[in-house]
Amino acid sequence: MFNNILKQVGDYAKESLQAAKYIGQGLAVTFDHMSRRPITVQYPYEKLIPSERFRGRIHFEFDKCIACEVCVRVCPINLPVVDWEFNKAVKKKELKHYSIDFGVCIFCGNCVEYCPTNCLSMTEEYELAAYDRHDLNYDNVALGRLPYKVTEDPMVTPLRELGYLPKGVIEPHNLPKGSQRAGQHPEDLVKAE
C-alpha cells in the first residue's frame with residue numbers, strides 16, 4: 001500500500017513537470033510573437049502600401065486599344081466586354097466601348113499580361129466597395145481614371161508622380177508658382193478642345 005502511494009506521488013510529479021514543460025513551450029511561442037512587429041493595421045485610418053506587383057483595379061487606355069479581344073479570350077470567365085465597329089475606309093476595327101465588371105473579376109491579371117498594346121495595367125487601388133453591385137461595372141471612362149495614391153503620407157511618393165514633374169525637378173514642393181508640369185491633366189484636355 002505504501003508503494004502504491006509513492007507510485008501515485010511519483011506519477012503526479014512527472015505529470016506536473018510535463019505540464020509545466022508544455023506551458024513553458026506555449027509561453028515561449030507567445031513571447032516570440034510579442035517581440036514581432038504587428039501585422040494588422042487600423043484599416044480606415046492606416047493603409048498598407050501595396051507591393052510593386054500588386055494586382056488591384058485595372059486601368060484601361062482607350063487610345064492604345066486595337067479591339068483585338070485578346071483580353072476576352074484569355075480571361076477565365078470571358079469578362080471584358082469589347083464593342084467595336086469595322087471601319088471600311090481604313091480597314092481597321094474602331095473601339096466603341098470597353099467595360100469590366102469588378103463584381104465578377106477575379107483579378108488574375110491575364111488580360112494585362114497578354115494585351116499586345118499594353119493598354120491594360122494593374123493599379124494599386126483596392127477599395128472597390130459599393131452599395132449596388134451594378135456600380136462595379138466600370139466602363140472605359142471609369143477604367144481610364146488613375147487613382148491618386150493609396151496612402152496620404154507625404155513621405156511616400158509613388159514613382160508615377162515623379163513622371164509629371166518638369167525635367168530636373170525631383171521634389172514637387174520646390175516648384176515655382178505657375179510652372180507647367182509635364183503631361184496634361186484631364187481638365188486641360190477639355191479646355192483645349
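Each Cβ is built from the backbone N, Cα and C atoms, and glycine gets one as well.
Source: prediction; values computed, not measured.
Site annotation (Swiss-Prot, ligand [4Fe-4S] cluster 2) includes C105, C108, C111; from C68, C75, the additional listed residue is C75. Checked against C71 ([4Fe-4S] cluster 1 binding site) by C-alpha proximity, the binding-site residues C105, C108, C111 yield C111 as the nearest.
Rounded to a whole number, the distance between the Cα atoms of C115 ([4Fe-4S] cluster 1 binding site) and C105 ([4Fe-4S] cluster 2 binding site) is 17 Å. C115 ([4Fe-4S] cluster 1 binding site) and C75 ([4Fe-4S] cluster 2 binding site) have their C-alpha atoms 11 Å apart, to the nearest angstrom.
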